[in-house]
Amino acid sequence: MGTNFKPVILSLFLSLLLFSCTSSAYNVRLVRIGLKKLKLDQNSQIAARFESKNAEAFRASVRKYSLHGNLADSGGPDIVALKNYLDAQYYGEISIGTPPQKFTVIFDTGSSNLWVPSSKCFLSVACYFHSKYKSSQSSTYRKNGKSAEIQYGSGAISGFFSYDNVNVGDLVVKNQEFIEATSEPSVTFLMAKFDGILGLGFQEISVGNAVPVWYNMVKQGLIKEPVFAFWLNRNIKEEEGGEIVFGGIDPNHYKGKHTYVPVTQKGYWQFDMGDILIGDKPTGYCAGKCSAIADSGTSLLAGPATVVTMINQAIGATGVVSLECKAVVAQYGQTIMNLLIAEAQPKKICSQIGLCTFDGTHGISMGIQSVVDENNDKSSNIARDSMCSACEMTVVWMQNQLRQNRTEDYILNYVNELCDRIPNPMGQSAVDCGSLSSMPTVSFTIGGKIFDLTPEEYILKVGEGSGAQCISGFTALDVPPPRGPLWILGDIFMGRYHTVFDYGNLRVGFAEAA
């Protein structure tokens, strides 16, 4: 745990939460898990660019992430997207077996299984660089043998289920089902600081319908209250990473009162979110509500490319030029604007001009409809998909500017500029470190309350002095309806706002971190 190696090929992956095995009481029995962190360095940035070459695998994981249902029933793998971004690793220690075998793990609210490398992992190089579970050395081991596979954004692990006791702090969770990983093919797992992952999501997304560690903590009466909370320390100059508290809430970790919102869909900790504001101006994109999840396993803040592009334009982030976007603006920009001014239904505009089809509630890519035709040219389908997406973004951007009474010339120029700033989902958007003071606040509406993020909180600074680099903390993830639009509120958000996961009342709470 004390080794300070610099990962060479680590994509900004999962945030890792360190555990120091301490516990104390605050009115009721609370189990406190101290957090430490490993800062992002220049090599991590190089690693992110290396991993970004595997963009198609990432897009595939996003598609599955957005469309899968109850995985426990379907038997399919759990998809945990956006585990590719990391500004500071939060890593921690648990133990499995009797006598205890130690492992560093991520405490991830975006997944639900516990897995660690197995001593039976022979063919994956990653296993030789991490601690491995040896069932033969544990007197409390119990055989299961059922196979398992979990697909992440940066790679997959596979193996088989086993049972054993799991120590979390001074808690002993008995007869816990977990995965012994026998294959870890991704370079991310090879270079990562963590050995495995401890999921804190709901059983609905648990691979193999395994009962999560958190459920067994509650069921076995190890904690008094079915609540856990994250306090993350985002001060990069401090080694202390924060604290997870199981069994209650520490009032020293937050200011004021929490704003609670109900869990709308069990699986991830998902809830409804209102509009996003750039500066003090509403974007209108989530005015009718969007879905969001609080995810301790994602370091950045992910959302629809439409709004992320608007944010990156407002903060001066450099993105990736989209030729499809510029083509749509050049050919259809004026027509789209005329239809909006004529008060046409925005959701139907792209189908009216022939770039999308309309399914009764929203536009969908024409390529999706034609994919069943084996004679179709796949490359042309992809092009139509891109044009449809670009059109839908253009409609939202123009609608936003028309609300602000901008002139037509201004709007067309603005949309062309946005085309230049569309972020690559697997890349980074750089900003000028000297411009933080002029960047706007970006705000999120949750439970009717506005939650602000300042530039210092959403910009990630790598390095010191004149050699420092700054990147936008916003990355693109497009999840289509009915599950989307979806926002992933990762450590950037949870660092500013103390986050409570209330399993007993099925709600998530946010308050300003202290």
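In case you wondered, yes, glycine gets a Cβ from its N, Cα and C as well.
Lifted from TrEMBL, the feature list:
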DISULFID  CYS121-CYS127  disulfide bond
DOMAIN    90-511  domain 'Peptidase A1'
DOMAIN    320-360  domain 'Saposin B-type'
DOMAIN    384-425  domain 'Saposin B-type'
SIGNAL    1-24  signal peptide
Under 8 Å by Cβ from CYS121 (disulfide bond), counting only residues of that chain that are 6 or more apart: CYS127, LYS132, GLY159, GLU180, ALA181, THR182, SER183, GLU184
Average pLDDT across the domain 'Saposin B-type' (384-425), rounded to a whole number: 86
CYS127 (disulfide bond), number of other Cβ atoms within 10 Å: 22
Secondary structure composition of the domain 'Saposin B-type' (384-425) [DSSP: H/G/I, E/B, coil]: 33 helix, 0 strand, 9 coil
Three-state composition of the domain 'Saposin B-type' (320-360), taking helix and strand from DSSP: 26 helix, 3 strand, 12 coil
